[in-house]
Each structure stands twice: as structure tokens, then as C-alpha cells.
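Engineer: The structure's right below; bear with me while I get my questions together.
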Amino acid sequence: MPGPTRILLVRHGESTWNADGRWQGQADPPLTARGRAQARAAAAALPPVDRVVASDLRRAHATAVLLAGDRPVEVDVGLRERDAGAFSGLRRREIHERHPGLLPDDPARAPGTEGDGLVPPPGWEPDEELGRRAWAALDRLVAALGGAGTGLAVSHSGLIYALETDLGAPRERIANLGGRWFVHDGDRWSLGARLHLLAPDEETATPRDQL
């Protein structure tokens, strides 16, 4: 009987919009020089993997190519970042100005707003849709591995947060080139450990609710 399949889901390196403080969503900014250097440094700490797959967005795909070395990189659009809707391309102050009250730290937020999280803007991809396509992408990777082995999936912070939340993990900020192990055993997914492929001084950590 095949053993469990382990998938390491890793966030891409620093992009130009990360460096500029802009929400990305499914926009397609490239890696910065620092982001490329992060990926090269992380490659040295990457555990052995049998297969590499990435989001089609170039910040993730370019990171995967640098991590993979001479291994081929497959593309799965299901690993794309959450669609950030009207937030895409905006800095936090611009969101406060154009969409007041939607971010948790916005002083314009109405007292008594339910919960302390983000209020979705127009065009925001719902949790259910994001989770459905993200889990389907991981299931495809498990199938490609034959139900055993280790895979690397290079994706985005919003997608990783969504899958962690689905499995009951508290939301914790994930830096560029941070990762999380997901374990598939038969028909069930479980969470493994968070993994840091970079030293703390090499990481870029964007605000926890910025995609």
C-alpha cells in the first residue's frame, strides 16, 4: 500500500509589488533581484522532492525554476493567488482612502463591525472558491506522484493561509520563501510543520492580510 504523500507548499520570493507595498492578487508583477536571490538561497535548504509544480503567475513560476535546479517545473493555474478584486495594485493607504473601513486597521471602520478581519472588497474571491481550486491542485499533484513521495508546490500567501485555515491552523504571517508541509494519507489531508527556507534576515514579511 502506498505511503503518505508529502507536499511542501512554498510562497514565492519577493516581487516588485511586495517591495512597493502593493496588494497583488492575480496581478503578475515579477520577482525583484532580492526575490531571485532569496530563491537561490532557499534552494540550498530545500529537502529532496520528486516533482515540482507552480502557479502560472511569474513570481511563483520564476521562484520554482530557481528552486528546482535541473528538475522540470509543471504549471497548475489552480495554485494562483486569491483574486484580490478591487484591492489589487493598491497600497494600504490607498485602500483606506478608496475603500474605507474594509481593512482591520482602518480607523474608519464602523464600531461593532462583526469580527476583526478583512471585509471583502468587490471582486474578492470567496474562501469556498479559493479552497476548492487549491485543494484540487494539490490532489492533482498527489495523483501525479502516484500516491506516494514528496512534491513541491510554489504558490502564494493567500492560498497557503486558506488551506491552513481549512485544516484548523491559526493564521500566522508567512514570509517570502516560507512554507508549510501538507500530508495526504489515503483520502485525508493533515497539516505538517511550517518550514523556513531562509534565515530571518533574508526573509521579506508583508502584512499578514496583504496578498
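Note: Cβ is positioned from N, Cα and C throughout, glycine not excepted.
Bear in mind that TrEMBL entries carry predicted annotations, made automatically and left uncurated.
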Engineer: Looking at the substrate binding annotation from TrEMBL, with Arg11, His12, Gly13, Glu14, Ser15, Thr16, Trp17, Asn18 already listed, which candidate in Arg59, Arg71, Arg80 is the matching residue?
Structural biologist: Arg59
Engineer: So if I measure Cβ to Cβ from Arg11 (substrate binding site) and keep only same-chain residues at least 6 apart in sequence, which ones fall under 8 Å?
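Structural biologist: For Arg11 (substrate binding site), the qualifying residues are Val154, Ser155, His156, Ser157, Ile160, Ile174, Ala175, Asn176, Leu177, Gly178, Gly179.
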Engineer: Using DSSP and collapsing to three states, where does Trp17 (substrate binding site) fall: helix, strand or coil?
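Structural biologist: Helix, per DSSP.
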